Structure formats: C-alpha cells, structure tokens
C-alpha cells in the first residue's frame, strides 16, 4: 500500500504530468519530433540517466584513507545561497553540505583554520560571509573569510595569497572537484581533494524511474562541469 501511494504521489508531480501530457499529444498527433522531445525529457529526468552523467565526475577523486592531522588549512568553496531571514536558511543544500564536511574534517586536525572562499553573486552578502555567521553560531572556530572571488579560478588565486605553497584540504561538491583541483593546481597551490555533497545514488528503486526536477538539475550541473573542463583544456 505504501508503494502504491508513493507511485501515485510521484505520478501527480509537475514533471511526470508534463511528460505524460506530451506523450499523449505526440501519439495523438503522430508527431515524431514531439515524441522524441518527450522521450528526451523523460530520460534526463530519471535518476539512472542523470547519474550516468554525474558519476564520472564524482568518482575521479576520493577522500584520503587517512587524514593528516598536521595540515593546518581546510579550504571550502561556497555554493548555492539565497537571500533569506537567517544565515542557515540562506545557505543552500549544496553549500550546507560542503560546510558541514569542512567542519567535520577540521575537528580531526590539530590546529585547523577554515578558509571560507566565495564572493557575492546574486545575494546581498557574500556566501563566505554568510558561512562565517553560521560558524559563529555553531561554536568556536578559527576561520579566514575570502569574499571577493566569483569564479573557481578567482577562488584559487585568492586562496593562494593566503596559504602560499602550504598543503591544504580542498572541500567542494564531488562533481565540482575535478575542475576545482585542476584550477588550484594551475594556480600553483597544493590541494588535497576532500569531496563532499555526492549526488549520484548507489542503488535504485522504482521511484528513481519517475522523472524528477532534481535529476534535471543533476544533468545541468554535470553538463556545466564538462563544458567548463573542455574550456580549461583547450583554451
């Protein structure tokens, strides 16, 4: 009964309803182009296809099996932020996961300084400044706030001005790690990858074959990273 309720629930969501409507119209009008578009929308909306694109990015780097407690710096790159009433509400899902992983890692080091890297994009305050307020509420953390960067490349060069050649743990979303690591190494720094915010699923159920908006978002993120990597390699 629970599974039936879930199937009905997922079927009546906007994207599945849109796919069903498009499928009905394409068959009714015998429109091959609309049918192809419907099938494409369905494909990129289901979890296995979205994961097929994002998994190669997430699996390129894994966390070190042993944490070197003598490393001083943990650099964490900001992600999605919103203009909302409280700092925690302003930090998006991806950003919050990155910060929590960085804090967890920092607690394993002897003398840790968090470097919060990320400037203001579409919010009133820089993402790193919002994180700083969250850290102040959570407890006693030593941190440095870098609020000027707007791109991964700017992240790298501004962090370099702080850490120089010293090794540091680099925390960002797993899908973003390949480009981030490449950029930071090109900037002349010595990052150790510590990926967070994994999006790909490890197993699937029948629900994963319903088209969902979050999977289209995965496809968007993956394509953005592939295009950016091509740009980095060829330009």
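Easy rule for this one: first residue shown is 1, then count along the chain.
Cβ from N, Cα, C; glycine included.
Automated prediction, rather than curation, is the source of TrEMBL annotations.
Marked as transmembrane segment by TrEMBL: 7-27 (among others). A Cβ distance under 8 Å defines the sequence-distant neighbours of the transmembrane segment (7-27), meaning residues of its chain 6+ beyond its ends; these are 34-35, 37-38, 41-42, 45, 206-207, 210-213, 216.
Annotation source TrEMBL lists transmembrane segment at 33-54 (among others).
Summarising the annotation, TrEMBL assigns domain 'DUF218' to 73-228. Per-residue confidence over the domain 'DUF218' (73-228) averages 91 (mean pLDDT, predicted model).
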